[in-house]
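Here the structure comes first, spelled out in structure tokens, and everything after it is commentary.
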Amino acid sequence: MKFEHLLSVVNGFERFQMMIIIISFIGRFTLPCHFLLNNFIAAVPSHHCDLSALDDGNIFGNLTQEQRLTVSIPVQEDGTPSSCKMFPEPQLQLLSNSNDRGLVTVPCQNGWVYDNSTFKSTLATEWDLVCDQKGQNKVTTTIFFIGVMFGAMTFGSLSDRFGRKPMLLVSYISGMLFGFASAFSTSFIMFAVLRFFTGFGITGIVIVSSVLSVEWVDIEHRKLVGVIDSLSWTFGYCMIPAIAYYVTDWRQLTIAVTSPLALAILTWRWIPESARWLIANGRFEKANFYLQQCAQMNQKEEFGSKITPETLSSIIVTERKDRTHSYLDLVRTPKMRRLALLTGIVWYGVASTFYGISFNITGFGLNIYLTQFVYGAIELPAKLSAYYLLDKVGRRNTEVGSLLGAGICLAINIFIPRDMSVLRTVVAVLGKGCSATSFTTVVLYSSELFPTVVRQNGMGYNSSMGRLGVSLAPLILLLDEVWRDLPQVLLCSIALLASLVARMLPETRDRCLPETIQDVEDGQTGYDIDSDSLCDKDT
């Protein structure tokens with residue numbers, strides 16, 4: 001007997017499943033906010049050298065602020081004052097002659113003065129992470145996502161060993177504690193370390209809650225749950241610019257986006273453990289407890305009473321209940337090895353493309369808040385289209401097509417002149433929409449490909465591959481100093497390669513979740529569901 005039989009008895013998508021989705025939404029909201037937090041807390045406002053040391057003996061006299069900048073700060077090629085250079089002494093002759101060529105300049109001697117009209121404070125203004133130190137400012141994003149990468153591997157393994165529910169609580173608590181602690185950092189090194197552990201902690205939320213939701217719903221509603229879960233990211237992407245607009249201090253903003261985890265911890269007690277996981281690990285009494293809860297909440301008590309621990313013991317009889325699974329199980333057998341390789345490449349490509357576009361929020365010619373909001377808003381129609389496409393054309397074709405669309409948009413923007421900002425904006429938004437569709441699809445798709453006994457390990461591995469792509473995305477964007485279009489070329493190539501690899505994965509539309517590794521090796525994910533068989537090959 002398959003687990004799908006049980007879900008058909010107790011109703012695979014009703015109040016019980018909706019409760020799981022709503023509670024998970026609370027905790028998941030903070031993830032996109034933290035993932036894009038550095039776009040705001042690491043922003044670099046306009047700045048110039050501090051000129052107070054040059055005003056020795058009131059040499060500036062009655063000069064206006066503009067005149068003081070003229071005689072103290074050299075002009076760049078675009079006509080704006082330099083952010084990192086100054087004259088060693090005031091050049092009063094520049095008041096009548098604006099040509100400063102040949103004049104000696106030196107790096108800023110006494111720090112910088114920042115424009116606080118947009119941001120009250122950022123990492124850059126707090127620790128002067130500008131000019132020669134600007135690399136440290138940008139690397140904070142990479143440090144955070146390296147923490148996310150290691151956290152994904154850790155929580156994926158631990159939740160397969162100790163269960164979904166307890167590891168979800170660990171992720172909530174650790175993410176909140178490290179998130180709050182980072183807001184009180186007294187040095188850049190302290191902040192970087194705490195951001196690493198914040199990323200490490202909160203990543204368990206997405207990989208555990210995504211799998212938990214999928215494991216409690218029937219086949220017909222898996223794609224709906226996948227899309228609904230992804231909408232929590234869209235909501236977060238749209239809300240973070242609004243929050244950042246009103247909270248302009250980086251410490252307060254960090255606290256603001258971490259706070260929802262406190263509510264998530266309070267609601268955690270109502271989250272059920274995965275009955276699939278409990279059955280796979282031989283804990284039939286506990287699995288029966290949650291299935292009875294599900295039947296009662298879904299008003300199917302008369303059918304739920306037919307489920308007993310004895311009937312549950314007939315599920316997944318081909319796998320040893322006392323065996324502990326690990327990441328090694330992803331590569332021990334041929335088909336699992338191939339599956340891990342292909343899904344890892346796709347996840348890397350999806351994440352690298354998605355965040356490569358998301359981190360580039362200065363290319364619209366709009367302000368930072370509006371740009372981020374537009375990037376978030378385009379995800380709503382993109383994910384609604386995914387809901388339609390996942391059933392009409394299947395998981396595989398949706399993944400392939402969306403990655404191909406993102407790659408084409410990135411390629412088109414390489415050839416559009418920079419002065420055609422409106423057209424470039426439209427193409428960039430379309431590319432962001434395609435990448436959002438690909439991300440929505442890959443989370444659901446990969447959770448359906450891996451068997452229950454190693455599903456969290458598989459998702460943890462895939463998530464870590466995705467976070468590797470995210471951590472490298474900011475570094476890819478820095479390559480515009482080598483060649484202006486090099487980041488676009490690389491991101492386009494990654495998206496197209498991932499599209500080709502996704503074409504090699506099996507389809508999972510209307511097919512059972514594999515329960516054991518042997519199911520994958522035997523190709524049992526390839527059996528179509530019908531009203532009689534419920535995915536069982538022999539019936």
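Heads up, residue numbers simply count up from 1 along the chain you see.
Glycine too: its Cβ is placed from the backbone N, Cα and C atoms.
The domain 'Major facilitator superfamily (MFS) profile' annotation in TrEMBL covers 86-510.
According to TrEMBL, the transmembrane segment annotation covers 139-158 (among others).
As annotated by TrEMBL, transmembrane segment applies to 170-191 (among others).
According to TrEMBL, the transmembrane segment annotation covers 197-217 (among others). Counting only same-chain residues 6+ beyond the ends of the transmembrane segment (197-217), those with a CB under 8 A from a CB of the stretch are 7, 12-13, 16-17, 20-21, 24, 27-28, 30-31, 34, 143-152, 154-156, 159, 164-165, 167-168, 170-179, 182, 224-226, 229, 261, 264, 271-272, 274-277, 294, 443-444, 447-448, 452, 455-456, 459-460, 463, 467, 513.
TrEMBL lists 224-247 (among others) with the feature transmembrane segment. For the transmembrane segment (224-247), same-chain residues at least 6 beyond its ends with a Cβ under 8 Å from one of its own Cβ atoms are 13, 17, 21, 24-25, 28-33, 36-37, 40, 209-210, 213-214, 217, 253, 256-257, 358, 368-370, 372-373, 375-377, 379-380, 383-384, 386-387, 390, 436, 439-441, 443-444, 447.
Residues 35, 330-331, 375, 399, 403, 406-407, 410, 428, 431-432, 435-436, 438-439, 442, 446, 449-450, 458, 461-463, 465-470, 472-473, 476-477, 487, 491, 494-495, 497-499, 501-502, 504-505, 520 of the same chain, all 6+ positions outside the transmembrane segment (339-357), place their C-beta atoms under 8 angstroms from a C-beta of that stretch. Residues annotated as transmembrane segment in TrEMBL: 339-357 (among others).
Summarising the annotation, TrEMBL assigns transmembrane segment to 369-390 (among others). When Cβ-Cβ distances below 8 Å are used as the criterion, the transmembrane segment (369-390) is approached by residues 36, 39, 223-224, 226-227, 230-231, 233-234, 236-242, 244-245, 357-358, 361-363, 397-398, 401-402, 429-430, 432-434, 436-437, 440-441, 444, 509 of the same chain, each at least six residues removed from its ends.
For 397-416 (among others), the entry in TrEMBL reads transmembrane segment.
Per-residue pLDDT, averaged across the domain 'Major facilitator superfamily (MFS) profile' (86-510), gives 87.
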